[in-house]
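Q: Sharing a structure, written as structure tokens. Questions coming.
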Amino acid sequence: MAFSSNAASDHHLRQELAENQFTISNIKLQSLNHLTDYLPDLQIHSNPLDQNPFFHPVSEFYITPSDVILRHILHDLSGAFPSPGPYLEYHRAGPRKQIYFDSCHVRAAIVTCGGLCPGMNTVIRELVVGLWELYGVREIFGIRAGYRGFYSIEPVPLNPKTVEGWHRKGGTVLETSRGGFDLHKIVNAIQDRGFNQVYIIGGDGAMRGMVEIFNEIKHRNLKIAVAGIPKTVDNDVGIIDRSFGFQTAVEMAQQAISAAHIEAESAINGIGLVKLMGRSTGHITLQATLSSRDVDCCLIPENKFYLEGKGGLFEFLDNRLKDNGHAVVVVAEGAGQDIIPRTESQVQEKDESGNPVFLDVGSWLKSELKKWWDRDHPKDLFTVKYIDPTYMIRAVPANATDNLYCTLVAHSAIHGAMAGYTGFVSGPINGNYAYIPVEEVARAKNPVNTRDHKWAWVRSITNQPDFG
């Protein structure tokens, strides 16, 4: 969606849109941070893509500030369900005709934070190759071991030859860690080392840290663009369509479900139990259930369940074993945390990122299933095969679809930073790549909607109870 303007330049047009808030017909453009918001006299440069023989830019090649993407594209024309507020729109990602960095003077830093996720190395590789080949940047550095690496470890110089083949590797070659966030040490290190573009790859905790880093850089009036690329294998980042690595995770999860199904049907009264990633959301569990069609019960954090009594899990599995002789249960790691007994110290325990430490719902459920069977069917054979593929899924290389995603999201971040945008996250909205203020991403959630058609589809496949 684009709106025409007679503004003389992208810079003037961006100012005009910001001043007018660009609210038309119940549509509101989300403002995007720009270096000129606090450094108004920055020099503007022509985009070196003008001279790149591979692109031959035409008038429609460059994105302008008036190119936007609507967040919500479904509308009820009857008026029976009117929108509660304005329809939000975001700036479209892509190359700008005018940029605010001289490529010869760019010093870029790339850091990965938090847990592993398929595609992390691809994002790093494409950031390096994109900066080098698209914009001619020659000073690119990797920050090792997450946020603490800014102030405790020497940066690693990167170039296209260094990162060649990284997209075929799982994990992150730069290494990662949780915690280690010391705002002033990090920003001091960024400033002392002369970095003027910082690319942060991480989950919700890393994005919250990025908000603080951006605000401190802005407070110091530094010409440093900060761009984020959301990383969460659970797909729990809000606003964007999905996070990179998610489709690879679903694909790998199906292999675990298939193994559990074979184990279950090969035993008398066999249950295959699979625990999948998903601390606060059950997207992997849901998608893997829909894809495999071998699952008898799908348990996710958004839908509480109980074990005993009418309509409980034990009654359902009892009937399923009588009918089929076997059953497959897939549970997200965040499911059932409210019913697992825990000590006072376990209630208070946090990990290095500040998240509550979850108990192992898979091991607990396996134990409870055995207790139930021994109590109610002491003379009958029974087997529970428990599979936890968490670290196998996290550590694999990205598949073809996620590799393409990683390339597009990395290049989108580069174009945004070179254009002077800062404090933003790049990601797909309704199939198109956009720039989103990091503050929004840091607080947005993406839970499974248990009242929509997809969850109803899950229940129609598994015939499981509602546990309501």
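For all residues, glycine too, the Cβ spot is worked out from N, Cα and C.
Pulled these from TrEMBL:
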type     : residues                                                                               : note
ACT_SITE : ASP234                                                                                 : active site, proton acceptor
BINDING  : GLY115, ARG178, GLY179                                                                 : ATP binding site
BINDING  : ASP204                                                                                 : Mg(2+) binding site
BINDING  : THR232, VAL233, ASP234, MET277, GLY278, ARG279, GLU333, TYR391, MET392, ILE393, ARG394 : substrate binding site
DOMAIN   : 107-415                                                                                : domain 'Phosphofructokinase'
SITE     : GLY205                                                                                 : site 'Important for substrate specificity'
Q: Can you tell me how many other Cβ atoms are located within 10 Å of the Cβ belonging to GLY179 (ATP binding site)?
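A: A 10 Å sphere around the Cβ of GLY179 (ATP binding site) contains 15 other Cβ atoms.
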Q: Please list residues from the chain of THR232 (substrate binding site) whose Cβ is under 8 angstroms from its Cβ, counting only those at least six apart in sequence.
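A: Set apart from THR232 (substrate binding site) by at least 6 residues yet with Cβ under 8 Å, we have CYS117, GLY203, ASP204, SER243.
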Q: Tell me, in order along the sequence, which recorded positions from ASP234, GLY278, MET392, ARG394 have their CA within 10 Å of GLY179 (ATP binding site).
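A: None, since no candidate lies within 10 Å.
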Q: So which recorded positions are near ARG394 (substrate binding site), with CA atoms within 10 Å, out of GLY115, ARG178, GLY205?
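A: If one measures from the Cα of ARG394 (substrate binding site), the recorded positions that come within 10 Å are GLY115.
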Q: State the Cα to Cα distance, in Å, between ARG178 (ATP binding site) and GLY278 (substrate binding site), rounded to an integer.
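A: Computed Cα spacing between ARG178 (ATP binding site) and GLY278 (substrate binding site) is 18 Å.
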Q: I'd like the Cβ neighbour count for ARG394 (substrate binding site), meaning other Cβ atoms within 10 Å of its Cβ, all protein chains included.
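A: Its Cβ has 20 other Cβ atoms within 10 Å.
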Q: Going by a 10 angstroms cut-off between Cβ atoms, which of the recorded positions GLY205, GLY278 has the sparsest surroundings?
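A: Lowest Cβ count within 10 Å among the recorded positions (GLY205, GLY278) is GLY205.
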Q: Around the residue listed as 'Mg(2+) binding site', how many other CB atoms lie within 10 A of its CB?
A: 23
Q: Looking only at C-alpha atoms, tell me how far ASP234 (active site, proton acceptor) is from GLY205 (site 'Important for substrate specificity'), rounded to the nearest Å.
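A: Cα of ASP234 (active site, proton acceptor) to Cα of GLY205 (site 'Important for substrate specificity') measures 14 Å after rounding.
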